[in-house]
Amino acid sequence: MPSRKHLANAIRALSMDGVQKANSGHPGAPMGMADIAEVLWRGHLNHNPSNPEWADRDRFVLSNGHGSMLIYSLLHLSGYELSIDDLKNFRQLHSKTPGHPEYGYAPGIETTTGPLGQGITNAVGMAMAEKALAAQFNKEGHDIVDHFTYVFMGDGCLMEGISHEACSLAGTLGLGKLIAFWDDNGISIDGHVEGWFSDDTPKRFEAYGWHVIPAVDGHNAEAINAAIEAAKADPRPTLICTKTIIGFGSPNKSGSHDCHGAPLGAEEIAAAREFLGWEHPAFEIPADVYAEWDAKAAGAAKEAAWNAKFDAYAAAYPAEAAEFKRRVNGELPAQWEEKANQIIADLQANPANIASRKASQNALEAFGKMLPEFMGGSADLAPSNLTMWSGSKSLEASDFSGNYIHYGVREFGMTAIMNGIALHGGFVPYGATFLMFMEYARNAMRMAALMKVQNIQVYTHDSIGLGEDGPTHQPVEQIASLRLTPNMSTWRPCDQVESAVAWKLAIERKDGPSALIFSRQNLAQQPRSAEQVADIAKGGYILKDSDGKPELILIATGSEVELAVKAAEQLTAEGKKVRVVSMPATDAFDKQDAAYRESVLPSDVTARIAIEAGIADFWYKYVGFDGRIIGMTTFGESAPADQLFEMFGFTVENVVNTAKELLA
């Protein structure tokens, strides 16, 4: 029977061979962490390679995602549908083994990692979801939600600020099922880290309230195993500090940055094989090694045992069992569509001139009563973002049965934690901050879009309408940057009806994130027919039309729709034929068929004006070079909002005069 070291060496061999064949990649971390991975995956990780979606599996996250050959090797050896040919195709076009682990490619990859610090933060979200789902569904004698979240991370993850945001909150919330392994190898791309990373990491994590196990020999299986056992027994999140040698097994490059991010080279790989006693050719794993690694039988037995537990739970609590299945499968409640549409119709029939942030809260109130899977939150701005509703109950370390997370001032951490919650399953996460501060969180929203996971962000205080707080808090280019992100759905509604439609579609959207952008100031509700209400979902629609063919089209979003309508009324009174198009979601409009887009924006009507209190340049796509844009070309100013709108040209007079110049 192969020794544990020999089993770990299988990871080392596959990792150095995969990087060498691709002629790019990072062999150092996989070779350094192979012993830890062998102990965790063969001795502790509850998973089933034949069903990577098993609801109560342990989650494993490789936060130092550049070491991707580590997880690819583990998945292959354990029996997942990842062949040796897939490993040979490492970093190649359309392979299941891209340079950094990507969710949705290889089975068993729980999240896309690579931007350092986000993996550990996703893992915090997964651990929060596990604890909340357990609190909501487990009954005495029936622990149907009971799994750990394990994460590997390196020095780079800990240097990134997001690791502070996430790990601080994890300690506060007592996430005892979260176990992190710090790959303390002292090396980063630039060399030995003591010149730029001299933190006392164990004390840092003790200060967060974590259980810290220091100075574990990362190449000693017994020490690693003992640390994991101690971690599992402690009610706090655990940091296991593993001292490792980067590139372990490479005689001439281990312990240095030379093996961090480049192939070892054929000569050094041969030397490593000799040093490790690994006598097999590249990509060849002997049968006895495969046999020891294969987790399919054990995984199937573990899942079968859980299925029996769930059957007993379902017999005792049939309603809860059905609800658990619905939520884990990501299905919306029965009659959702009918009830949601009625809510929207009622809003149209009962006009209210309110801020769209208040309209958002009203939508939460209406929809939330149907959605126990809601998991809300805000980055310490709940009274401003209006993200709490009557059914909101805050999560606390001692009581995780609620549905609202106080993230504190942690925009980046919040957004990446929400990605983890969404990836775990069982919840529809929403979070919030001022639109300006989405900048802190932009990369986590990009990751949500890349992974195609549901992440609903409420961004309030959406323009110079914020007023006196000034340009540090007034967004200008942020809406455009969200719209330009692939697979991001971005909504800027003009009233309570568009706001409710935006919320409904964000709740229904399972294949990507949604940015819902709301105003601080009150907005007038617009009259609409039932057909117009239905057309809101198309992202752009005719709100007010001319008698006969229009000679001018005004396109507006959010708070500027009311302005466009008033300007159109004045122009119409002067004999102009003016159409007003409300375009709350350009991405949704762009997805409509050509016939619909042409019906809203006829190509032969070139006199067009776009009006939005955001960066002007975005709108040339819709108005053309012959059109005009009333938008922002500079940062804002500190002053009352009404003065700012006048100063920057968001007035009926300016729209009317611009229209007359265009039509002259």
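For all residues, glycine too, the Cβ spot is worked out from N, Cα and C.
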Residue among D143, D146, D155, D234 sharing the Mg(2+) site, where Swiss-Prot lists N185, I187 as binders: D155
Please pick, from R204, R509, R520, the residue that Swiss-Prot records in the substrate site together with H26, H260, R357, S384, H461, D469. R520
Which candidate from G156, G408, G465, G467 does Swiss-Prot annotate alongside H66, G114, P115, L116, N185, H260, F437 at the thiamine diphosphate binding site? G156
Greatest inter-residue Cα distance in Å for the substrate-binding set H26, H260, R357, S384, H461, D469, R520: 49
Of the recorded positions I187, H260, R357, E411, the one whose Cα sits nearest to the Cα of G156 (thiamine diphosphate binding site) is I187
Measure from the Cα of R357 (substrate binding site) to the Cα of every one of the recorded positions H66, G114, D155, E411, F437, then give the nearest. F437
Going by DSSP, give the three-state secondary structure for R520 (substrate binding site). coil
Which ones in the same chain are close to F437 (thiamine diphosphate binding site), with CB under 8 Å and 6+ residues apart in sequence? A379, E411
N185 (thiamine diphosphate binding site), Cβ-centred 10 Å count of other Cβ atoms over all protein chains shown, is 25
Who sits close to D155 (Mg(2+) binding site): which same-chain residues at least 6 apart have their Cβ under 8 Å from its Cβ? D183, D184, N185, G186, I187, S188, V193, F197
What does the structure give for the C-alpha distance between L116 (thiamine diphosphate binding site) and H26 (substrate binding site)? Integer Å is fine. 14
